[in-house]
Amino acid sequence: MSKAVGKTGDAQNGAPLFGSNILHLAFCVVGVVGSLLLYGVLQERIMTIPYGVGENAEVFKYSLFLVFCNRAVAATIAAITLVIKGKTDELKPVAPILSYASVSLSNVVATTCQYEALKHVTFAVQTLGKCAKMFPVMIWGYFILKKRYTMRDLALAVCITGGCFIFFMTGNTTSRIAQDKNSSMFGVMLMMGYLSADGYTSTFQQKMFKGYQMTSYNQVLYVSLCSLALSSFGLITSGQLSATLAFVARHPDALSAMILLSCASSCGSLFISYTIKSFGALVFAIIMTTRQFLSILLSSLFFGSPLTGGQWAGTGVVVAALYYQSATKGDGHAKEKDAKPEPAPKNAAGRVSLSGVGTTNSTSGDHARDEETAAVQPLLVGQQR
């Protein structure tokens, strides 16, 4: 019988990892929030603060190289994890390479748009804008997974999008390095590109989990390898590779920050996976909502980007809607069209789940897949975002 999601401790025997559940939860919170706050700070530092001083000061502009670094670290961690776990058979592709490549392409586009947006809008706009991904996810879910959504889902999407709109309209949203002070609209367009591509990424990931017997690490490995190929192709053909190497030669501390950013992203994904496995998706969602608010607050304090009263109000609307969504998780979830049972994953009777829940033909099986997708997503996109 599958173990219930949300039990603390080791998923295999139910024994607490620590003597106290409070300490266990604190360990997870510090790991997730600490890693992703560091990721956010480094992201803003790399993309918006000049390296060098005086006439030699210059801003890093090559987003594809950041994508390359992130995917290199992610692929390395995924491969090492599979070897340590003794799942060397998972080092081979489970799904067709084109399926991995499809997720990879949308993932590279999403991540590049995310980094590029910081050239035009503030970090707070970028972070809050990621919360508005409900509409793209719902649209992709409708067409790819044949899902139907409730009025509660639509109302939440409207509230979150409305909060983002309030934020955008009530204060400065232009990046400190924007050459054109009116370029924030282009930054918003980049975030819309991010939301669309990221919505496709997470939806197609879920479809792959449902259609094939694969662990998250197998998917991370091959999607990251495809992303390495795509980002390398982009760097070479656009001439960014030589420019990037020249930049890091002039500013070695920039390369150190990029490597640290990639490690923070990957460490965050591991803590996210462990948190979902130990406490379930509800606790994880609450932690991530808190982290988003703290990221905006830290950016405002650390980089001197104060928000207006209206922007804090917009942030409050978004955060409140996300907390409500977390608190009511499991009520009114989208249902599959005609409530038809899902076909068994290809080449297997079951599937490994990071959440510790076995795949079944019940609703709990759907939640297990959703949680596994949530666990792998930050490793692919970073932001959880």
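In case you wondered, yes, glycine gets a Cβ from its N, Cα and C as well.
Given the ranges 119-137, 309-327, the record in TrEMBL names 309-327 as transmembrane segment. Beyond the ends of the transmembrane segment (309-327), by six or more residues, the same chain brings 124, 128, 131, 156, 159-160, 162-171, 282, 285-286, 289, 292-293, 296 to within a C-beta distance below 8 angstroms of the stretch.
Comparison of 21-42, 62-84, 254-274 by number of C-beta pairs under 8 angstroms to the transmembrane segment (220-248) places 62-84 first.
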